[in-house]
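Have a look at the structure below before the remarks.
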Amino acid sequence: MINIRKTHPLMKIVNNAFIDLPAPSNISSWWNFGSLLGICLILQILTGLFLAMHYTSDTMTAFSSVTHICRDVNYGWIIRYMHANGASMFFICLFIHVGRGLYYGSYTFLETWNIGVILLFTVMATAFVGYVLPWGQMSFWGATVITNLLSAIPYIGTNLVEWIWGGFSVDKATLTRFFAFHFILPFIITALAMTHLLFLHETGSNNPTGIPSDMDKIPFHPYYTIKDILGMLLLILILMLLVLFMPDLLGDPDNYTPANPLSTPPHIKPEWYFLFAYAILRSIPNKLGGVLALALSILVLTLMPLLHTSKQRSMMFRPLSQCLFWILVADLLTLTWIGGQPVEHPFITIGQLASIMYFSLILVLMPAASMIENNLLKW
């Protein structure tokens with residue numbers, strides 16, 4: 001009798017994706033983050049669903065409904081903090097996942113990579129509208145400042161911002177539509193993630209060497225299922241340490257003050273995972289220039305396949321490129337730090353230098369280093 005998992009129309013899809021999938025025998029723990037992102041997404045959808053059962057998207061009651069969830073709903077506090085800190089874990093996994101793709105040249109899978117970039121944008125949009133929902137001070141002012149950036153678009157900017165707001169300022173209409181967006185976007189992310197996986201399985205996974213591994217494949221189950229479960233346990237351990245011991249570590253104290261349009265917080269800043277882009281935005285004195293730099297800081301990822309000048313796919317055997325890659329990581333950490341600092345000397349200068357460094361590394365230095373390495377191979 002033929003195994004049902006190989007013949008049943010639905011189970012066949014699951015089997016080909018998670019059980020009998022031929023996987024390279026040498027993929028390291030950096031390949032765990034795709035499955036961890038899947039776990040994060042499921043966790044966020046589930047906790048978000050339970051939060052939505054008690055949340056009200058009205059400016060008068062939004063803040064108190066979140067307080068009600070934490071105080072009066074059974075285990076509401078843990079659901080709320082798992083959702084808030086789950087977003088941070090999501091972005092940590094995302095950044096590592098993208099970094100892995102850059103390091104090992106996974107961007108040569110064009111469709112998979114471009115859908116991944118769209119996914120990154122969608123997750124960032126979801127996190128942004130989600131941050132507005134508790135209707136604290138930073139929620140309100142973050143929404144005002146970031147949506148206002150669109151007014152820099154020539155000719156249609158002001159109309160576009162007022163259309164997004166649903167009025168002449170961030171108000172009830174804005175909060176209601178942001179809640180609607182925050183509810184629907186995770187399902188769009190799920191569909192995109194499935195497409196991402198579909199295109200990945202057309203080519204098969206990359207591996208640390210960047211060399212085709214067709215002659216050396218092993219079944220995904222049990223080898224990588226066990227490996228993924230270990231990663232999942234570590235992820236949940238770190239998440240629960242955050243939730244149970246320091247739930248507000250990554251949040252902003254200003255968000256425990258109800259939104260007040262008449263009082264501006266001293267330092268308006270987004271959540272930590274947007275700080276690198278926020279620092280790039282602030283480092284340019286011109287509004288439109290800043291908005292373009294902000295968009296380009298992520299869009300530059302779509303250029304990676306075009307900027308790949310090396311004869312080797314992976315950075316595993318390219319010490320010069322490795323060095324520049326880790327400088328890029330340090331630069332992003334610097335930008336993240338600067339984004340959380342007030343706009344004053346010396347932070348302005350550091351931010352501008354780090355922003356120049358960011359684009360120089362990706363657009364000029366790394367392709368140049370790859371060409372130097374190509375020439376070294378001829379020696």
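Glycine residues also receive a Cβ, built from the backbone N, Cα and C atoms like all the rest.
Annotation comment: Swiss-Prot describes 33-53 (among others) as transmembrane segment, evidence class similarity to another entry.
Beyond its flanks by at least six residues, the transmembrane segment (77-98) meets 30, 33-34, 36-37, 40-41, 43-44, 47-48, 50-51, 66, 69-71, 116, 120, 123, 127, 130, 235, 238-239, 242-244, 247, 250-251, 271-273, 301 of its own chain at Cβ-Cβ distances under 8 Å. Annotated transmembrane segment per Swiss-Prot: 77-98 (among others), in sequence order, evidence recorded as similarity to another entry.
Cβ environment of His182 (heme b b562 binding site): Gly48, Thr126, Val129, Gly130, Leu133 lie under 8 Å away, each six or more residues apart in the same chain. If you look up Swiss-Prot, you'll see His83, His182 marked as heme b b562 binding site.
Residues annotated as heme b b566 binding site in Swiss-Prot, with similarity to another entry given as evidence: His97, His196. For His97 (heme b b566 binding site), the same-chain residues 6+ apart in sequence whose C-beta sits under 8 angstroms from its C-beta are Phe33, Gly34, Leu37. His97 (heme b b566 binding site) falls within a helical segment according to DSSP.
With a cut-off of 8 Å between Cβ atoms, the residues of this chain six or more beyond the transmembrane segment (113-133) that come close are 55, 57, 62, 66, 87, 90-91, 94, 98, 101, 106-107, 139-140, 142-143, 146, 170, 174-175, 178-179, 181-182, 185-186, 188-189, 192-193, 195-196, 199, 270-271, 273-274, 298-299, 301-302, 304-305. Taken from Swiss-Prot, the feature transmembrane segment applies to 113-133 (among others).
Annotation comment: Swiss-Prot describes 178-198 (among others) as transmembrane segment.
Residues or ranges marked as ubiquinone binding site by Swiss-Prot: His201. DSSP assigns His201 (ubiquinone binding site) to a helical segment in the three-state reduction.
Long-range Cβ contacts of the transmembrane segment (226-246) within its own chain (Cβ-Cβ under 8 Å, at least 6 residues beyond either end) map to 29, 32-33, 35-36, 39-40, 78, 81-82, 85-86, 88-89, 93. Taken from Swiss-Prot, the feature transmembrane segment covers 226-246 (among others), and the record attributes it to similarity to another entry.
Non-local neighbours of the transmembrane segment (288-308) in the same chain are 98, 102, 105, 107-108, 110, 113-114, 117, 120-121, 124, 149-150, 152-154, 276-278, 280-282, 355, 358-359, 362-363, 366-367, 370; each lies 6+ residues outside the stretch with a CB under 8 Å from one of its CB atoms. The transmembrane segment annotation in Swiss-Prot covers 288-308 (among others) and is backed by similarity to another entry.
Cβ atoms under 8 Å from those of the transmembrane segment (320-340) belong to residues 99, 102-103, 269-270, 272, 274-280, 282, 310, 347, 350-351, 354-355, 357-358, 361-362, 365-366, 369-370, 372-373 of the same chain, restricted to positions at least 6 beyond its ends. What Swiss-Prot lists as transmembrane segment is 320-340 (among others).
Here Swiss-Prot flags 347-367 (among others) as transmembrane segment. Distant neighbours of the transmembrane segment (347-367): 279-280, 282-284, 293, 296-297, 300, 303-304, 307-309, 321, 324-325, 327-328, 331-332, 334-335, 338-339, 341; these residues of the same chain sit at least 6 beyond its ends, with a Cβ under 8 Å from one of its Cβ atoms.
Non-local neighbours of the transmembrane segment (178-198) in the same chain are 17, 37-38, 41, 44-45, 48, 52, 55, 57, 112, 115-116, 118-119, 122-123, 125-126, 129-130, 132-133, 143; each lies 6+ residues outside the stretch with a CB under 8 Å from one of its CB atoms.
Neighbour counts of Cβ atoms within 10 Å were compared across the binding-site residues His83, His196, His201; the minimum falls on His201. The two recorded residues, His83 (heme b b562 binding site) and His201 (ubiquinone binding site), have Cα atoms 30 Å apart.
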